Amino acid sequence: MALRRGGCGALGLLLLLLGAACLIPRSAQVRRLARCPATCSCTKESIICVGSSWVPRIVPGDISSLSLVNGTFSEIKDRMFSHLPSLQLLLLNSNSFTIIRDDAFAGLFHLEYLFIEGNKIETISRNAFRGLRDLTHLSLANNHIKALPRDVFSDLDSLIELDLRGNKFECDCKAKWLYLWLKMTNSTVSDVLCIGPPEYQEKKLNDVTSFDYECTTTDFVVHQTLPYQSVSVDTFNSKNDVYVAIAQPSMENCMVLEWDHIEMNFRSYDNITGQSIVGCKAILIDDQVFVVVAQLFGGSHIYKYDESWTKFVKFQDIEVSRISKPNDIELFQIDDETFFVIADSSKAGLSTVYKWNSKGFYSYQSLHEWFRDTDAEFVDIDGKSHLILSSRSQVPIILQWNKSSKKFVPHGDIPNMEDVLAVKSFRMQNTLYLSLTRFIGDSRVMRWNSKQFVEIQALPSRGAMTLQPFSFKDNHYLALGSDYTFSQIYQWDKEKQLFKKFKEIYVQAPRSFTAVSTDRRDFFFASSFKGKTKIFEHIIVDLSL
């Protein structure tokens, strides 16, 4: 009985072992089929698939090479090959995908060769190749790539060779980063041919001279808002510091600001008090700093900076009998002598030139009376000194400096320009221009043609009180202030030789625009008669970003 039970137990165990033995090769065969699909050819170290619609899902092993040819999947998704961490070579040729997503090759820390050739790729995400720090060879040849995202190769620290042939690159601003990268990389890169824009067609990207002009523009952004009204702004440098003097008639102040190199803004430095101050003009003579403070009431005065008091103190009065309604102060030099002129807009006013005599300023010449002058501008015309006076009662007149009498004498006028509020001069490429501001009608831009000033452009300017030219490096602008609508900034178009509209800014009742540069930054003060004074910063915008 026991023997029978023992025999049956041995027989059962034998049958169980035989059954298990029979099952082992079947399981191994199933696993082999799962590891190598019908569309693929597999060895211990490599897989080649033709016409596959998916990436083989194979248990991680020693697979070091994967080739997918004529595949039908439409994109390379993130971490699409992460289940094959031992890959050293990945070939993706003649497939249907059009896009490579971010982190498409994440997890392939040992990948050295990546060939993505002859596909239909149009888009590559910025972080598509992230993590491929051991990659030495990359080919994107013969795809439909028109542009590559900035820094797409930034993770490829070991890259030796890059092939970009056979694509359709648009060599516009989007290619600027690639242009710069090609100049700096130590990798060997195939020629990148441009199919556009037309001026670069069939050229090599490396042969493009520069993208600086096409791919940069400028802008004005609000940097600082000053909580007070103002009518004029002047700037001056003293002992390597930059200062700004702001006339505030409603607050009866001439506020002096200084540039704070730490906080990077303009802060209060000193305050000159007065009555209805309409102008603060700085004059630097040797190491001395003076400020002419023009007032509507109580006479105008000159202040001098006192080092011991570290503030401006009254230095001199300007005769009330000569200047009763100052409207503009203009500083100039002739034969190393310092002058300034005050334009008087009262009916019986005398626009007067003042001269420095080493002890103070004295009235040097009365220009004319009864004309209600609104502005004075010193201009060098063909090497000769001139003053242009604008007036509410006549066209702008031109006075020329007489070297014999050392006085200004009438020389001519600017015809057909009645009711001009202000005249400003500026130069571009050694050519002299004038901007003439009119409150009603069109303001004008004029050019000197060696004989006379001729009009080159009319700017609609209803309610304009100022048309101010200013420049930052090679960028030339006109700021047209308006009491009725947005103020306009115009930029000079070198090709058309005209000013074109560039930007609208909102400033309530603007009265002056002043350019100030410091710490390699450029600013633009906009005074406001009815609102807050604004400081705009002139910035360079890279269109390739």
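Backbone N, Cα and C define each Cβ position, glycine as well.
For 29-65, the entry in Swiss-Prot reads domain 'LRRNT'. Summarising the annotation, Swiss-Prot assigns domain 'LRRCT' to 167-217. Taken from Swiss-Prot, the feature N-linked glycosylation site covers Asn70, Asn186, Asn271, Asn402. If you look up Swiss-Prot, you'll see 86-107 marked as repeat 'LRR 1'. The annotation repeat 'LRR 2' is assigned in Swiss-Prot to 110-131. The annotation repeat 'LRR 3' is assigned in Swiss-Prot to 134-155. The annotation repeat 'EAR 1' is assigned in Swiss-Prot to 219-261. Residues or ranges marked as repeat 'EAR 2' by Swiss-Prot: 265-307. The repeat 'EAR 3' annotation in Swiss-Prot covers 311-358, and the record cites sequence analysis as its basis. Residues or ranges marked as repeat 'EAR 4' by Swiss-Prot on the basis of sequence analysis: 360-403. Per Swiss-Prot, the feature repeat 'EAR 5' maps to 407-450. The repeat 'EAR 6' annotation in Swiss-Prot covers 452-494. Look at Swiss-Prot and you will find 498-540 tagged as repeat 'EAR 7'. The signal peptide annotation in Swiss-Prot covers 1-28.
Positions of Swiss-Prot features highlighted on the structure.
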residue	record	DSSP (3 states)
Asn70	N-linked glycosylation site	coil
Asn186	N-linked glycosylation site	coil
Asn271	N-linked glycosylation site	strand
Asn402	N-linked glycosylation site	strand
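Closest to Asn271 (N-linked glycosylation site) in space, going by CA atoms and restricting to the glycosylation sites Asn70, Asn186, Asn402, is Asn402. Contacts of Asn402 (N-linked glycosylation site) defined by a Cβ separation under 8 A and a same-chain sequence distance of 6+ are given as Phe408, Val409, in order along the sequence.
When the alpha carbons of Asn186 (N-linked glycosylation site) and Asn70 (N-linked glycosylation site) are compared, the span between them is 33 angstrom.
For Asn271 (N-linked glycosylation site), the count of additional Cβ atoms within 10 Å of its Cβ stands at 13 [all protein chains shown].
Cβ-based neighbour count (10 Å, all protein chains) for Asn186 (N-linked glycosylation site) stands at 6. Residue counts for the repeat 'LRR 3' (134-155) under DSSP, split into helix (H, G, I), strand (E, B) and coil, are 0 helix, 3 strand, 19 coil. Under 8 Å from some Cβ of the repeat 'LRR 3' (134-155) lie the Cβ atoms of residues 98, 109-122, 124-128, 161-170, 174-175, 177-178, 181, 185, 190, 544-545, all in the same chain and six or more residues away from its ends. The local packing around Asn70 (N-linked glycosylation site), expressed as other Cβ atoms within 10 Å of its Cβ over all shown chains, amounts to 14. Note on the repeat 'EAR 7' (498-540): residues 216-235, 242, 244, 246-247, 259, 261, 264, 266, 445, 456-457, 459, 465-466, 468, 470-472, 475, 477-479, 481-483, 486-492 of its chain, located 6 or more positions outside it, place their CB under 8 angstroms from a CB of the stretch.
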